[in-house]
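**Q** Dumping what Swiss-Prot says about this protein:
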{"type": "BINDING", "residues": "Ser20, Trp21, Ser22, Thr68, Asn93, Asp108, Tyr236", "note": "shikimate binding site"}
{"type": "ACT_SITE", "residues": "Lys72", "note": "active site, proton acceptor"}
{"type": "BINDING", "residues": "Gly132, Asn133, Gly134, Gly135, Ala136, Met234, Gly257", "note": "NADP(+) binding site"}
Amino acid sequence: MSNSQSKKIFGLIGKHVDYSWSPLIHNTGFEALGLPCVYTIFNIPSPEMIGDALKGSRALGIAGFSVTIPYKKTVVPFLDELSPEALSIGAVNTIVNDNGRLLGYNTDIDGFAAPLLPMAESIRNRPVCIFGNGGAALAAVEAFRLRFNPSSVLLVVRDTQKAEDMLEEYAYRDLVTIHAGREIDQPACSKLIRDCRVLVNATPVGTAGRNDHIHSILPTGHGLLHDGQIVYDMVYNPPETPLLAEARAAGATVIAGIEMLIAQAARAFSIWTGQELPVDLVRKTVLAAIEKSEG
């Protein structure tokens, strides 16, 4: 058997995910630790093909997957068991093939929480605010509930009905209040946001190559950013987003999206291999690759 044939195969399930940094992250870790593993990309064109893809993975002995949008919920019915975190929000981003049984995990929750943990005491019993109503926002809601015990979670969204639908089966719905983004101009809503200990951007606004701007969801002129806040942007490319630049200028503590990207990958890496991802090396490698891609 050749060396390539003896390697465990891991991969990313998604749609149009050739841009992903996940192969670089995991292959850097595998190589650094001398593990006989390789990570690749599995572009799946439609949700109707997910069941066949996972069935085939059992037969082929693929060791595990990462799962990204739009399939984090789609994969759930085809798995044999879910972790408590995955069950709580009905979404999976990590799969392990355990001798033909497919086990689903959600590492977005711990990945989101990781860079906030050193500031946990300052978050407890304080309100927090999340912009967005997709899976990333729900993972952030659950991370706050499980790890930080905030007094409340303010969800600021463009589509309030979509947010209501997302939270319909969430067991801790009473923790969350929903506001439409257009309400930010109203003094009462502005005050709620200013009083939040943490502000999170869980939308793709600010991502390199997009035409929109953070001011489309967080208008200026309301003093919403200040030095008593932690501002967390899940966008990781560019590493310093417009939101983070404005928050830094306002004196806020900032957390870049690359920290969540690497932390959730590190948790998946540990689930798959039982070893710790060399986080410092991976961060340096990914930042260098992002800088090169921008050049």
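Just so you know, glycine gets a Cβ as well, placed from its N, Cα and C.
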**Q** Can you grab the distance from Tyr236 (shikimate binding site) over to Lys72 (active site, proton acceptor)? Cα atoms, rounded to a whole Å.
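**A** Roughly 19 Å, rounded to the nearest whole number.
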**Q** Quick one: Cα separation, Gly132 (NADP(+) binding site) versus Asp108 (shikimate binding site), in Å?
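**A** So the Cα of Asp108 (shikimate binding site) lies 15 Å away from that of Gly132 (NADP(+) binding site).
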**Q** Taking the centroid of the Cβ atoms of Ser20, Trp21, Ser22, Thr68, Asn93, Asp108, Tyr236 (shikimate site), which other same-chain residues have Cβ within 8 Å of it?
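**A** So the extra residues in range turn out to be Leu12, Ser66, Leu261, Gln264, Ala265.
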**Q** Listing them in sequence order, which of the recorded positions Ser20, Trp21, Lys72 have their Cα within 10 Å of that of Gly135 (NADP(+) binding site)?
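**A** Qualifying among Ser20, Trp21, Lys72: Lys72.
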**Q** Least buried of the binding-site residues Ala136, Met234, going by other Cβ atoms within 10 Å?
**A** Ala136
**Q** Roughly how many Å separate the Cα of Asn133 (NADP(+) binding site) from that of Lys72 (active site, proton acceptor), to the nearest whole number?
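**A** Rounded to a whole number, the Cα-Cα distance is 15 Å.
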